[in-house]
Amino acid sequence: MSDIDRIIAELQRFTWPDYVVFVAMFILCIFIGIYFGFMKKSLNEADYLMGGRNMLILPIALSLVASFISGITLLGLPTEVYSFGIQYTYVGIGVIAMGFVMGIFYLPVFHDLNITSTYEYLESRFDRRLRMFGSVMFAIMNIGYLPIVIYVPALAFNQVTGVAVHTITPIVCVICVFYTSLGGLKAVVWTDVVQMISMLGALILVAIKGTLDIGGFNEVFTSAWQSTRIEAPDLSVDPTIRHTLWSQLIGGVIYWTQTNAVSQNMIQRYLSLPSLSSARWALAFFCLGVLILMALCAYNGLLIYATYKGCDPLTTKLAKAKDQLLPLFVMNTLGEYPGLTGLFIAGVFSAALSSLSTCLNSMSAVVLEDFVKPFVSTPLSAKAINWIMRSVVVGVGALCVSLVYVVEHMGTVLQLTMSLEAITNGPLFGIFTIGLLMPWINGNSALTGGIFGVMAMSWISLNAQWAIASGAIKYETKPLTVEHCNYEYGEALLGSTHNLTISAAGKEDIFPLYRVSYMWYTALGALITILMSGACGCVFGSNDPRKVDPTLLAPSIRKFFCYTDNKFNAKSLNIDIPMKKYAIGDDVAL
(Lines of atoms letter the chains of each structure in order from A and count residues from 1; the text may use other names and numbers.)
(Lines give C-alpha, C1' and ligand atoms only; values in the text may rest on other atoms or scores of the structure.)
Protein backbone atom coordinates (compact mmCIF):
# COMPACT_ATOMS: atom_id res chain seq x y z
CA MET A 1 0.00 0.00 0.00
CA SER A 2 1.36 3.44 -0.95
CA ASP A 3 1.74 6.24 1.59
CA ILE A 4 -1.20 8.07 0.02
CA ASP A 5 -3.53 5.07 0.32
CA ARG A 6 -2.34 4.42 3.89
CA ILE A 7 -2.98 8.03 4.98
CA ILE A 8 -6.41 8.09 3.35
CA ALA A 9 -7.32 4.82 5.10
CA GLU A 10 -6.13 6.21 8.45
CA LEU A 11 -8.16 9.38 8.00
CA GLN A 12 -11.38 7.50 7.27
CA ARG A 13 -12.35 7.32 10.95
CA PHE A 14 -16.10 7.68 10.68
CA THR A 15 -17.07 5.98 13.95
CA TRP A 16 -20.46 4.91 15.30
CA PRO A 17 -21.05 8.29 17.09
CA ASP A 18 -20.49 9.99 13.72
CA TYR A 19 -23.05 7.72 12.09
CA VAL A 20 -25.49 8.41 14.94
CA VAL A 21 -25.22 12.18 14.45
CA PHE A 22 -25.41 11.81 10.66
CA VAL A 23 -28.46 9.53 10.70
CA ALA A 24 -30.21 11.61 13.39
CA MET A 25 -30.36 14.57 11.01
CA PHE A 26 -32.08 12.46 8.34
CA ILE A 27 -34.53 11.00 10.85
CA LEU A 28 -35.46 14.50 12.03
CA CYS A 29 -36.12 15.57 8.42
CA ILE A 30 -38.34 12.52 7.89
CA PHE A 31 -40.38 13.28 11.01
CA ILE A 32 -40.85 16.90 9.91
CA GLY A 33 -42.21 15.65 6.58
CA ILE A 34 -44.54 13.22 8.36
CA TYR A 35 -45.73 15.96 10.74
CA PHE A 36 -46.67 18.41 8.01
CA GLY A 37 -48.00 15.65 5.77
CA PHE A 38 -50.45 14.37 8.37
CA MET A 39 -51.05 17.50 10.45
CA LYS A 40 -54.08 18.12 8.24
CA LYS A 41 -56.29 15.47 6.76
CA SER A 42 -55.40 16.78 3.33
CA LEU A 43 -53.08 19.49 2.07
CA ASN A 44 -54.76 21.77 -0.43
CA GLU A 45 -52.78 23.17 -3.33
CA ALA A 46 -52.06 26.49 -1.62
CA ASP A 47 -50.70 24.66 1.44
CA TYR A 48 -48.58 22.19 -0.52
CA LEU A 49 -46.98 24.70 -2.91
CA MET A 50 -47.19 28.04 -1.05
CA GLY A 51 -47.50 27.16 2.65
CA GLY A 52 -50.94 28.80 2.70
CA ARG A 53 -49.23 32.15 1.97
CA ASN A 54 -48.97 32.81 5.71
CA MET A 55 -45.44 31.66 6.49
CA LEU A 56 -43.20 33.41 9.06
CA ILE A 57 -40.33 35.71 8.08
CA LEU A 58 -37.43 34.10 9.96
CA PRO A 59 -38.03 30.48 8.87
CA ILE A 60 -38.43 31.63 5.27
CA ALA A 61 -35.20 33.68 5.47
CA LEU A 62 -33.28 30.73 6.92
CA SER A 63 -34.78 28.45 4.28
CA LEU A 64 -33.69 30.84 1.52
CA VAL A 65 -30.12 30.92 2.82
CA ALA A 66 -29.99 27.15 3.27
CA SER A 67 -31.31 26.59 -0.25
CA PHE A 68 -28.87 28.96 -1.91
CA ILE A 69 -25.79 27.93 0.10
CA SER A 70 -25.77 24.38 -1.19
CA GLY A 71 -22.97 21.87 -0.81
CA ILE A 72 -21.57 23.44 -3.98
CA THR A 73 -20.78 26.62 -2.06
CA LEU A 74 -19.97 24.87 1.20
CA LEU A 75 -17.21 22.79 -0.40
CA GLY A 76 -16.48 24.82 -3.54
CA LEU A 77 -15.84 28.22 -1.94
CA PRO A 78 -13.09 27.04 0.47
CA THR A 79 -11.37 25.32 -2.48
CA GLU A 80 -11.71 28.50 -4.53
CA VAL A 81 -10.07 30.62 -1.81
CA TYR A 82 -7.38 27.99 -1.20
CA SER A 83 -6.45 27.89 -4.87
CA PHE A 84 -7.11 31.44 -6.12
CA GLY A 85 -7.39 33.72 -3.10
CA ILE A 86 -10.26 35.93 -1.92
CA GLN A 87 -11.09 37.72 -5.19
CA TYR A 88 -14.33 35.74 -5.53
CA THR A 89 -15.56 36.91 -2.11
CA TYR A 90 -15.93 40.49 -3.37
CA VAL A 91 -19.15 39.18 -4.90
CA GLY A 92 -20.58 40.07 -1.48
CA ILE A 93 -20.86 43.65 -2.80
CA GLY A 94 -23.06 42.26 -5.57
CA VAL A 95 -25.19 40.42 -2.98
CA ILE A 96 -25.88 43.68 -1.13
CA ALA A 97 -26.71 45.48 -4.39
CA MET A 98 -28.98 42.60 -5.37
CA GLY A 99 -31.06 43.14 -2.22
CA PHE A 100 -31.88 46.70 -3.29
CA VAL A 101 -32.49 45.83 -6.96
CA MET A 102 -34.79 42.92 -6.16
CA GLY A 103 -36.69 44.73 -3.41
CA ILE A 104 -37.37 47.78 -5.58
CA PHE A 105 -37.96 46.40 -9.08
CA TYR A 106 -38.89 42.70 -9.00
CA LEU A 107 -40.38 41.60 -5.68
CA PRO A 108 -43.28 44.13 -5.57
CA VAL A 109 -44.69 42.98 -8.90
CA PHE A 110 -44.50 39.24 -8.28
CA HIS A 111 -45.77 39.44 -4.70
CA ASP A 112 -48.79 41.63 -5.45
CA LEU A 113 -49.97 39.46 -8.36
CA ASN A 114 -50.56 36.40 -6.10
CA ILE A 115 -48.98 34.04 -8.61
CA THR A 116 -47.75 30.52 -7.83
CA SER A 117 -45.32 30.08 -10.73
CA THR A 118 -43.24 33.10 -11.71
CA TYR A 119 -43.73 32.07 -15.33
CA GLU A 120 -47.43 32.93 -15.04
CA TYR A 121 -46.20 36.51 -15.18
CA LEU A 122 -44.75 35.95 -18.65
CA GLU A 123 -48.16 34.91 -19.97
CA SER A 124 -49.89 37.96 -18.54
CA ARG A 125 -47.19 40.36 -19.77
CA PHE A 126 -46.58 38.69 -23.15
CA ASP A 127 -48.40 35.46 -24.11
CA ARG A 128 -48.53 31.72 -23.39
CA ARG A 129 -45.50 31.00 -25.62
CA LEU A 130 -43.26 33.01 -23.30
CA ARG A 131 -44.68 31.22 -20.29
CA MET A 132 -43.87 27.84 -21.82
CA PHE A 133 -40.42 29.05 -22.86
CA GLY A 134 -39.65 30.17 -19.31
CA SER A 135 -40.97 26.95 -17.79
CA VAL A 136 -38.99 24.76 -20.17
CA MET A 137 -35.79 26.71 -19.50
CA PHE A 138 -36.38 26.39 -15.75
CA ALA A 139 -36.92 22.64 -16.02
CA ILE A 140 -33.75 22.18 -18.10
CA MET A 141 -31.69 24.24 -15.67
CA ASN A 142 -32.99 22.35 -12.63
CA ILE A 143 -32.36 18.95 -14.16
CA GLY A 144 -28.80 20.02 -14.93
CA TYR A 145 -28.26 21.62 -11.52
CA LEU A 146 -29.66 19.01 -9.15
CA PRO A 147 -27.19 16.20 -9.97
CA ILE A 148 -24.35 18.58 -9.03
CA VAL A 149 -26.13 19.36 -5.75
CA ILE A 150 -26.35 15.63 -4.95
CA TYR A 151 -22.85 14.77 -6.11
CA VAL A 152 -20.93 17.30 -4.01
CA PRO A 153 -21.87 16.02 -0.50
CA ALA A 154 -21.42 12.46 -1.73
CA LEU A 155 -17.79 13.40 -2.46
CA ALA A 156 -17.40 14.59 1.12
CA PHE A 157 -18.95 11.41 2.48
CA ASN A 158 -16.65 9.34 0.28
CA GLN A 159 -13.59 11.19 1.59
CA VAL A 160 -14.38 10.51 5.26
CA THR A 161 -15.90 7.02 5.05
CA GLY A 162 -14.76 5.42 1.81
CA VAL A 163 -18.40 4.70 0.87
CA ALA A 164 -18.86 4.98 -2.90
CA VAL A 165 -20.55 8.09 -4.29
CA HIS A 166 -23.17 6.03 -6.11
CA THR A 167 -24.09 4.17 -2.93
CA ILE A 168 -24.97 7.22 -0.84
CA THR A 169 -26.67 9.40 -3.50
CA PRO A 170 -29.76 7.16 -3.97
CA ILE A 171 -30.24 6.94 -0.19
CA VAL A 172 -30.12 10.71 0.23
CA CYS A 173 -32.51 11.26 -2.67
CA VAL A 174 -35.05 8.76 -1.37
CA ILE A 175 -35.14 10.52 2.02
CA CYS A 176 -35.45 13.96 0.43
CA VAL A 177 -38.15 12.84 -2.00
CA PHE A 178 -40.07 11.28 0.89
CA TYR A 179 -40.36 14.35 3.12
CA THR A 180 -40.75 16.78 0.20
CA SER A 181 -43.57 14.84 -1.44
CA LEU A 182 -45.30 14.25 1.89
CA GLY A 183 -45.18 17.65 3.58
CA GLY A 184 -44.92 20.18 0.75
CA LEU A 185 -43.46 23.66 1.20
CA LYS A 186 -43.86 23.76 4.99
CA ALA A 187 -41.86 20.56 5.36
CA VAL A 188 -39.21 21.97 3.00
CA VAL A 189 -38.96 25.25 4.96
CA TRP A 190 -38.75 23.71 8.42
CA THR A 191 -36.28 21.03 7.41
CA ASP A 192 -34.26 23.88 5.88
CA VAL A 193 -34.26 25.61 9.28
CA VAL A 194 -32.87 22.48 10.95
CA GLN A 195 -30.36 22.02 8.15
CA MET A 196 -29.30 25.68 8.29
CA ILE A 197 -28.48 25.33 11.99
CA SER A 198 -26.53 22.15 11.27
CA MET A 199 -24.67 23.78 8.39
CA LEU A 200 -23.73 26.89 10.39
CA GLY A 201 -22.67 24.83 13.38
CA ALA A 202 -20.43 22.64 11.25
CA LEU A 203 -18.65 25.61 9.66
CA ILE A 204 -18.10 27.37 13.00
CA LEU A 205 -16.83 24.18 14.60
CA VAL A 206 -14.30 23.57 11.83
CA ALA A 207 -13.14 27.20 11.90
CA ILE A 208 -12.61 27.30 15.67
CA LYS A 209 -10.88 23.92 16.00
CA GLY A 210 -8.72 24.47 12.90
CA THR A 211 -7.65 27.93 14.09
CA LEU A 212 -6.62 26.60 17.50
CA ASP A 213 -4.63 23.78 15.89
CA ILE A 214 -2.72 26.10 13.56
CA GLY A 215 -1.78 28.59 16.27
CA GLY A 216 -4.45 31.30 16.11
CA PHE A 217 -5.85 33.89 13.71
CA ASN A 218 -2.51 35.59 13.30
CA GLU A 219 -0.98 32.49 11.72
CA VAL A 220 -3.90 32.09 9.34
CA PHE A 221 -3.83 35.68 8.09
CA THR A 222 -0.05 35.88 7.98
CA SER A 223 0.10 32.80 5.73
CA ALA A 224 -2.69 34.17 3.53
CA TRP A 225 -1.08 37.61 3.26
CA GLN A 226 2.38 36.29 2.41
CA SER A 227 0.95 34.06 -0.33
CA THR A 228 -1.14 37.00 -1.71
CA ARG A 229 -4.39 35.15 -1.04
CA ILE A 230 -5.60 38.26 0.78
CA GLU A 231 -5.53 41.10 -1.70
CA ALA A 232 -7.43 44.20 -2.76
CA PRO A 233 -10.04 43.91 -5.52
CA ASP A 234 -8.64 43.66 -9.03
CA LEU A 235 -9.69 46.87 -10.81
CA SER A 236 -8.85 45.62 -14.31
CA VAL A 237 -11.57 46.03 -16.95
CA ASP A 238 -10.35 42.97 -18.89
CA PRO A 239 -13.41 40.64 -19.05
CA THR A 240 -11.20 37.57 -19.53
CA ILE A 241 -9.70 37.90 -16.04
CA ARG A 242 -11.45 35.33 -13.90
CA HIS A 243 -12.43 37.64 -11.02
CA THR A 244 -12.27 41.43 -10.94
CA LEU A 245 -14.16 44.01 -8.91
CA TRP A 246 -16.39 44.70 -11.93
CA SER A 247 -17.17 41.05 -12.66
CA GLN A 248 -18.05 40.50 -9.00
CA LEU A 249 -20.10 43.67 -8.69
CA ILE A 250 -21.86 43.94 -12.07
CA GLY A 251 -21.79 40.29 -13.08
CA GLY A 252 -22.47 39.29 -9.47
CA VAL A 253 -25.51 41.48 -8.95
CA ILE A 254 -27.08 40.23 -12.19
CA TYR A 255 -26.34 36.58 -11.36
CA TRP A 256 -27.70 36.89 -7.83
CA THR A 257 -30.75 38.92 -8.88
CA GLN A 258 -31.63 36.33 -11.50
CA THR A 259 -31.24 33.48 -9.05
CA ASN A 260 -33.08 35.17 -6.21
CA ALA A 261 -35.70 37.33 -7.94
CA VAL A 262 -36.69 35.34 -11.03
CA SER A 263 -36.00 31.65 -10.38
CA GLN A 264 -39.00 29.71 -9.10
CA ASN A 265 -36.75 27.94 -6.59
CA MET A 266 -36.30 31.13 -4.56
CA ILE A 267 -39.25 33.38 -5.40
CA GLN A 268 -41.74 30.69 -4.32
CA ARG A 269 -40.65 31.20 -0.69
CA TYR A 270 -40.98 34.98 -0.90
CA LEU A 271 -44.50 34.57 -2.32
CA SER A 272 -45.45 32.33 0.61
CA LEU A 273 -45.21 35.33 2.96
CA PRO A 274 -48.39 37.31 3.67
CA SER A 275 -47.20 40.79 2.66
CA LEU A 276 -44.63 42.64 0.59
CA SER A 277 -43.16 44.15 3.74
CA SER A 278 -42.52 40.71 5.24
CA ALA A 279 -41.00 39.54 1.95
CA ARG A 280 -38.58 42.48 2.00
CA TRP A 281 -37.57 41.67 5.58
CA ALA A 282 -36.91 38.08 4.53
CA LEU A 283 -34.79 39.41 1.66
CA ALA A 284 -32.73 41.54 4.07
CA PHE A 285 -32.15 38.58 6.41
CA PHE A 286 -31.26 36.42 3.41
CA CYS A 287 -28.53 38.85 2.31
CA LEU A 288 -27.11 38.99 5.84
CA GLY A 289 -27.16 35.20 6.21
CA VAL A 290 -25.48 34.62 2.86
CA LEU A 291 -22.71 37.09 3.67
CA ILE A 292 -22.04 35.39 7.01
CA LEU A 293 -21.89 31.91 5.51
CA MET A 294 -19.72 33.03 2.61
CA ALA A 295 -17.32 34.68 5.06
CA LEU A 296 -17.10 31.46 7.07
CA CYS A 297 -16.48 29.38 3.94
CA ALA A 298 -13.80 31.81 2.75
CA TYR A 299 -12.09 31.82 6.14
CA ASN A 300 -12.02 28.02 6.11
CA GLY A 301 -10.30 28.22 2.72
CA LEU A 302 -7.56 30.42 4.21
CA LEU A 303 -7.35 28.07 7.18
CA ILE A 304 -6.86 25.07 4.90
CA TYR A 305 -4.01 26.86 3.13
CA ALA A 306 -2.31 27.70 6.44
CA THR A 307 -2.52 24.02 7.35
CA TYR A 308 -1.32 22.54 4.03
CA LYS A 309 0.90 25.33 2.71
CA GLY A 310 3.99 23.10 2.75
CA CYS A 311 2.35 20.07 1.11
CA ASP A 312 -0.53 20.64 -1.29
CA PRO A 313 -2.91 17.63 -1.04
CA LEU A 314 -4.32 18.36 -4.50
CA THR A 315 -0.94 17.83 -6.14
CA THR A 316 -0.13 14.72 -4.09
CA LYS A 317 -3.66 13.37 -4.70
CA LEU A 318 -4.32 12.99 -0.99
CA ALA A 319 -7.55 14.76 -1.98
CA LYS A 320 -8.51 13.00 -5.21
CA ALA A 321 -10.98 15.71 -6.24
CA LYS A 322 -10.74 19.46 -5.65
CA ASP A 323 -14.01 19.54 -3.76
CA GLN A 324 -12.77 16.92 -1.29
CA LEU A 325 -10.30 19.41 0.16
CA LEU A 326 -12.51 20.62 3.02
CA PRO A 327 -13.58 17.08 4.04
CA LEU A 328 -9.90 16.07 4.12
CA PHE A 329 -9.17 19.03 6.39
CA VAL A 330 -12.11 18.09 8.62
CA MET A 331 -10.79 14.55 9.05
CA ASN A 332 -7.38 15.92 10.02
CA THR A 333 -8.93 18.42 12.42
CA LEU A 334 -11.94 16.67 13.93
CA GLY A 335 -11.33 12.99 13.21
CA GLU A 336 -10.09 12.20 16.71
CA TYR A 337 -13.28 13.51 18.33
CA PRO A 338 -16.20 11.03 17.99
CA GLY A 339 -19.32 12.61 16.55
CA LEU A 340 -17.81 15.86 15.32
CA THR A 341 -16.98 14.56 11.85
CA GLY A 342 -20.53 13.26 11.66
CA LEU A 343 -21.80 16.74 12.55
CA PHE A 344 -19.78 18.28 9.72
CA ILE A 345 -20.93 15.74 7.13
CA ALA A 346 -24.50 16.23 8.36
CA GLY A 347 -24.00 19.96 7.73
CA VAL A 348 -22.77 19.34 4.18
CA PHE A 349 -25.70 17.04 3.45
CA SER A 350 -28.04 19.59 5.05
CA ALA A 351 -26.92 22.12 2.46
CA ALA A 352 -27.59 19.62 -0.31
CA LEU A 353 -30.94 18.45 1.04
CA SER A 354 -32.23 22.01 1.42
CA SER A 355 -31.37 22.84 -2.21
CA LEU A 356 -32.68 19.52 -3.49
CA SER A 357 -36.00 19.70 -1.63
CA THR A 358 -36.53 23.30 -2.72
CA CYS A 359 -35.93 22.46 -6.38
CA LEU A 360 -38.19 19.41 -6.24
CA ASN A 361 -41.03 21.39 -4.68
CA SER A 362 -40.57 24.18 -7.23
CA MET A 363 -40.57 21.68 -10.09
CA SER A 364 -43.89 20.27 -8.90
CA ALA A 365 -45.33 23.82 -8.88
CA VAL A 366 -44.06 24.62 -12.38
CA VAL A 367 -45.17 21.32 -13.91
CA LEU A 368 -48.64 21.59 -12.39
CA GLU A 369 -49.21 25.29 -13.11
CA ASP A 370 -47.41 25.63 -16.46
CA PHE A 371 -47.37 22.21 -18.13
CA VAL A 372 -50.65 20.67 -16.98
CA LYS A 373 -53.33 23.21 -16.00
CA PRO A 374 -53.13 25.36 -19.14
CA PHE A 375 -53.76 22.31 -21.33
CA VAL A 376 -56.69 20.62 -19.57
CA SER A 377 -60.23 21.53 -20.56
CA THR A 378 -61.83 20.66 -17.20
CA PRO A 379 -60.59 21.39 -13.67
CA LEU A 380 -58.39 18.68 -12.22
CA SER A 381 -59.70 16.62 -9.33
CA ALA A 382 -58.04 16.73 -5.92
CA LYS A 383 -56.74 13.20 -6.44
CA ALA A 384 -55.23 14.08 -9.84
CA ILE A 385 -53.48 17.19 -8.50
CA ASN A 386 -52.04 15.26 -5.57
CA TRP A 387 -50.82 12.53 -7.89
CA ILE A 388 -49.21 15.00 -10.31
CA MET A 389 -47.38 17.01 -7.66
CA ARG A 390 -45.94 13.99 -5.89
CA SER A 391 -45.12 12.13 -9.09
CA VAL A 392 -43.04 15.08 -10.29
CA VAL A 393 -41.02 15.04 -7.06
CA VAL A 394 -40.36 11.29 -7.35
CA GLY A 395 -39.62 11.36 -11.08
CA VAL A 396 -37.21 14.31 -11.00
CA GLY A 397 -35.44 12.84 -7.97
CA ALA A 398 -34.85 9.55 -9.76
CA LEU A 399 -33.60 11.31 -12.91
CA CYS A 400 -31.10 13.37 -10.94
CA VAL A 401 -29.61 10.29 -9.29
CA SER A 402 -28.91 8.79 -12.70
CA LEU A 403 -27.28 12.02 -13.94
CA VAL A 404 -24.71 11.97 -11.11
CA TYR A 405 -22.70 9.58 -13.29
CA VAL A 406 -22.26 12.43 -15.80
CA VAL A 407 -21.43 15.14 -13.27
CA GLU A 408 -18.55 13.28 -11.64
CA HIS A 409 -16.45 13.72 -14.79
CA MET A 410 -16.98 17.47 -15.15
CA GLY A 411 -14.46 19.14 -12.80
CA THR A 412 -14.67 21.90 -10.16
CA VAL A 413 -18.30 22.49 -9.30
CA LEU A 414 -18.46 26.18 -8.33
CA GLN A 415 -17.41 27.55 -11.73
CA LEU A 416 -19.09 24.69 -13.59
CA THR A 417 -22.46 25.36 -11.95
CA MET A 418 -22.48 29.10 -12.66
CA SER A 419 -21.31 28.53 -16.24
CA LEU A 420 -23.99 25.99 -17.15
CA GLU A 421 -26.78 27.84 -15.33
CA ALA A 422 -26.08 30.91 -17.45
CA ILE A 423 -27.28 29.09 -20.60
CA THR A 424 -30.87 29.43 -19.41
CA ASN A 425 -30.63 31.93 -16.55
CA GLY A 426 -29.19 34.83 -18.55
CA PRO A 427 -31.85 34.79 -21.30
CA LEU A 428 -34.64 34.25 -18.75
CA PHE A 429 -33.44 37.18 -16.69
CA GLY A 430 -33.37 39.26 -19.87
CA ILE A 431 -36.99 38.37 -20.67
CA PHE A 432 -38.24 39.17 -17.16
CA THR A 433 -36.33 42.45 -17.19
CA ILE A 434 -37.91 43.34 -20.52
CA GLY A 435 -41.32 42.56 -19.08
CA LEU A 436 -40.85 44.69 -15.98
CA LEU A 437 -38.90 47.62 -17.38
CA MET A 438 -39.54 47.83 -21.15
CA PRO A 439 -43.30 47.94 -21.87
CA TRP A 440 -42.80 48.76 -25.57
CA ILE A 441 -41.32 45.31 -26.36
CA ASN A 442 -43.92 42.70 -27.36
CA GLY A 443 -44.08 38.92 -27.08
CA ASN A 444 -42.75 38.11 -30.57
CA SER A 445 -39.63 40.20 -29.99
CA ALA A 446 -39.05 38.87 -26.47
CA LEU A 447 -39.40 35.23 -27.58
CA THR A 448 -37.02 35.71 -30.50
CA GLY A 449 -34.51 37.43 -28.22
CA GLY A 450 -34.80 34.66 -25.62
CA ILE A 451 -34.24 31.88 -28.15
CA PHE A 452 -31.27 33.70 -29.63
CA GLY A 453 -29.87 34.27 -26.13
CA VAL A 454 -30.08 30.57 -25.25
CA MET A 455 -28.39 29.57 -28.50
CA ALA A 456 -25.61 32.14 -28.04
CA MET A 457 -24.95 31.21 -24.40
CA SER A 458 -25.02 27.48 -25.18
CA TRP A 459 -22.34 28.05 -27.81
CA ILE A 460 -20.19 30.22 -25.53
CA SER A 461 -20.58 28.30 -22.27
CA LEU A 462 -20.26 24.76 -23.62
CA ASN A 463 -17.25 25.61 -25.75
CA ALA A 464 -15.60 27.38 -22.81
CA GLN A 465 -16.19 24.39 -20.54
CA TRP A 466 -14.80 22.09 -23.21
CA ALA A 467 -11.69 24.28 -23.50
CA ILE A 468 -11.22 24.09 -19.72
CA ALA A 469 -11.83 20.33 -19.58
CA SER A 470 -9.41 19.68 -22.47
CA GLY A 471 -6.69 21.84 -20.92
CA ALA A 472 -6.75 24.57 -23.58
CA ILE A 473 -7.70 27.06 -20.86
CA LYS A 474 -5.86 26.73 -17.56
CA TYR A 475 -6.04 29.28 -14.78
CA GLU A 476 -3.09 30.35 -12.67
CA THR A 477 -3.46 29.57 -8.98
CA LYS A 478 -1.78 31.15 -5.99
CA PRO A 479 1.56 29.62 -4.88
CA LEU A 480 1.35 25.96 -3.82
CA THR A 481 4.17 23.59 -3.02
CA VAL A 482 4.92 19.96 -2.14
CA GLU A 483 8.45 20.62 -0.88
CA HIS A 484 7.68 19.90 2.77
CA CYS A 485 5.56 16.75 2.51
CA ASN A 486 6.29 14.12 5.14
CA TYR A 487 4.97 11.26 3.02
CA GLU A 488 5.76 9.73 -0.36
CA TYR A 489 3.36 10.60 -3.13
CA GLY A 490 5.12 9.24 -6.24
CA GLU A 491 7.32 10.83 -8.85
CA ALA A 492 4.62 10.48 -11.49
CA LEU A 493 2.57 13.13 -9.69
CA LEU A 494 5.25 15.79 -9.98
CA GLY A 495 4.06 16.62 -13.49
CA SER A 496 0.49 17.22 -12.34
CA THR A 497 1.27 20.53 -10.68
CA HIS A 498 -1.70 22.59 -9.57
CA ASN A 499 -0.14 25.92 -10.56
CA LEU A 500 -1.35 26.40 -14.13
CA THR A 501 -1.88 29.28 -16.54
CA ILE A 502 -2.85 29.95 -20.16
CA SER A 503 0.10 29.78 -22.50
CA ALA A 504 0.61 32.71 -24.87
CA ALA A 505 0.17 30.53 -27.93
CA GLY A 506 -2.92 28.86 -26.53
CA LYS A 507 -4.46 32.20 -25.66
CA GLU A 508 -4.27 33.33 -29.28
CA ASP A 509 -5.82 30.09 -30.53
CA ILE A 510 -8.88 30.33 -28.27
CA PHE A 511 -11.87 32.33 -29.49
CA PRO A 512 -12.08 35.49 -27.30
CA LEU A 513 -15.64 34.88 -26.07
CA TYR A 514 -14.59 31.49 -24.68
CA ARG A 515 -12.09 33.26 -22.43
CA VAL A 516 -14.63 35.65 -20.90
CA SER A 517 -14.94 35.12 -17.13
CA TYR A 518 -17.83 32.87 -16.12
CA MET A 519 -18.94 35.67 -13.76
CA TRP A 520 -20.11 37.63 -16.83
CA TYR A 521 -22.14 34.78 -18.34
CA THR A 522 -25.54 35.60 -16.84
CA ALA A 523 -25.09 39.30 -17.65
CA LEU A 524 -23.98 38.43 -21.18
CA GLY A 525 -26.98 36.16 -21.76
CA ALA A 526 -29.36 38.84 -20.49
CA LEU A 527 -27.70 41.56 -22.59
CA ILE A 528 -27.85 39.47 -25.78
CA THR A 529 -31.54 38.75 -25.14
CA ILE A 530 -32.45 42.38 -24.46
CA LEU A 531 -30.52 43.75 -27.46
CA MET A 532 -31.92 41.12 -29.81
CA SER A 533 -35.46 41.72 -28.55
CA GLY A 534 -35.05 45.46 -29.07
CA ALA A 535 -33.74 44.93 -32.60
CA CYS A 536 -36.66 42.61 -33.40
CA GLY A 537 -39.01 45.51 -32.76
CA CYS A 538 -38.12 46.68 -36.26
CA VAL A 539 -39.61 43.45 -37.61
CA PHE A 540 -42.47 42.64 -35.21
CA GLY A 541 -43.42 46.17 -34.24
CA SER A 542 -43.84 47.38 -30.68
CA ASN A 543 -46.45 47.84 -27.96
CA ASP A 544 -48.04 51.10 -26.99
CA PRO A 545 -46.63 51.37 -23.44
CA ARG A 546 -49.81 53.10 -22.29
CA LYS A 547 -51.81 49.97 -23.08
CA VAL A 548 -49.66 47.65 -20.96
CA ASP A 549 -51.28 47.06 -17.58
CA PRO A 550 -49.23 49.00 -15.00
CA THR A 551 -49.52 46.15 -12.49
CA LEU A 552 -47.14 44.19 -14.71
CA LEU A 553 -44.41 46.83 -14.55
CA ALA A 554 -41.96 47.72 -11.80
CA PRO A 555 -43.46 50.48 -9.60
CA SER A 556 -40.64 52.89 -10.44
CA ILE A 557 -41.37 52.47 -14.18
CA ARG A 558 -45.12 53.05 -14.07
CA LYS A 559 -44.83 56.77 -13.41
CA PHE A 560 -43.05 57.38 -16.73
CA PHE A 561 -46.14 56.45 -18.76
CA CYS A 562 -49.47 58.24 -18.92
CA TYR A 563 -51.99 55.65 -17.78
CA THR A 564 -55.60 56.56 -17.37
CA ASP A 565 -55.64 54.69 -14.07
CA ASN A 566 -52.17 54.21 -12.63
CA LYS A 567 -53.38 52.85 -9.30
CA PHE A 568 -52.24 49.29 -8.63
CA ASN A 569 -55.02 46.77 -8.67
CA ALA A 570 -54.28 43.11 -9.34
CA LYS A 571 -57.89 42.54 -10.43
CA SER A 572 -57.44 45.00 -13.30
CA LEU A 573 -55.67 42.29 -15.28
CA ASN A 574 -58.10 41.39 -18.03
CA ILE A 575 -56.29 38.18 -18.93
CA ASP A 576 -57.65 34.70 -18.38
CA ILE A 577 -54.71 33.02 -16.69
CA PRO A 578 -54.49 30.67 -13.70
CA MET A 579 -53.37 33.36 -11.28
CA LYS A 580 -56.86 34.93 -11.53
CA LYS A 581 -58.43 31.64 -10.49
CA TYR A 582 -56.23 31.10 -7.43
CA ALA A 583 -55.88 34.47 -5.74
CA ILE A 584 -55.28 34.91 -2.02
CA GLY A 585 -58.33 33.92 -0.07
CA ASP A 586 -59.42 31.19 -2.45
CA ASP A 587 -59.64 27.84 -0.71
CA VAL A 588 -58.79 25.36 -3.43
CA ALA A 589 -59.29 22.07 -1.61
CA LEU A 590 -57.46 19.01 -2.88
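Positions of Cβ are set from backbone N, Cα and C atoms, glycine also.
Just so it is clear, the model here is predicted, and its values are computed rather than measured.
Per TrEMBL, these features apply:
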type     : residues : note
TRANSMEM : 19-36    : transmembrane segment
TRANSMEM : 56-76    : transmembrane segment
TRANSMEM : 88-109   : transmembrane segment
TRANSMEM : 130-154  : transmembrane segment
TRANSMEM : 160-180  : transmembrane segment
TRANSMEM : 187-208  : transmembrane segment
TRANSMEM : 281-308  : transmembrane segment
TRANSMEM : 387-407  : transmembrane segment
TRANSMEM : 419-441  : transmembrane segment
TRANSMEM : 518-542  : transmembrane segment
Remote residues contacting the transmembrane segment (419-441) - C-beta distance under 8 A, at least 6 residues beyond either end:
105-106, 109, 118, 121-122, 125-126, 130, 133-134, 137-138, 140-141, 144-145, 254-255, 257-259, 261-263, 449-451, 453-454, 457-458, 461-462, 464-465, 518, 521-530, 533-534, 537, 542-545, 548, 552-554, 557, 561
Report, as numbers and ranges, which residues of the same chain sit near the transmembrane segment (130-154): CB under 8 Å and 6 or more residues beyond its ends.
70-72, 74-76, 117-120, 122-123, 165-166, 168-169, 172-173, 263-265, 323, 345, 348-349, 351-352, 355-356, 359-360, 362-363, 366-367, 370-371, 374, 396, 399-401, 403-404, 406-408, 413, 416-417, 420-421, 423-425, 427-428, 431, 443, 446-447, 450-451, 454
Positions on the same chain near the transmembrane segment (88-109), where near means CB under 8 A and six or more residues out:
77, 80-81, 121, 233, 243, 245, 248-253, 255-257, 260-262, 270, 276, 279-280, 283-284, 286-287, 290-291, 294-295, 298, 432, 436-437, 519, 551-556
Which stretch, 56-76, 160-180, 187-208, 387-407, 518-542, tops the Cβ pairs under 8 Å count with the transmembrane segment (19-36)?
187-208
Mark yes when the transmembrane segment (281-308) and the transmembrane segment (56-76) have three or more Cβ pairs under 8 Å (sequence separation 6 or more) and no when they do not.
yes
Of the listed stretches 187-208, 387-407, 518-542, which one has the most C-beta pairs under 8 A with the transmembrane segment (160-180)?
387-407
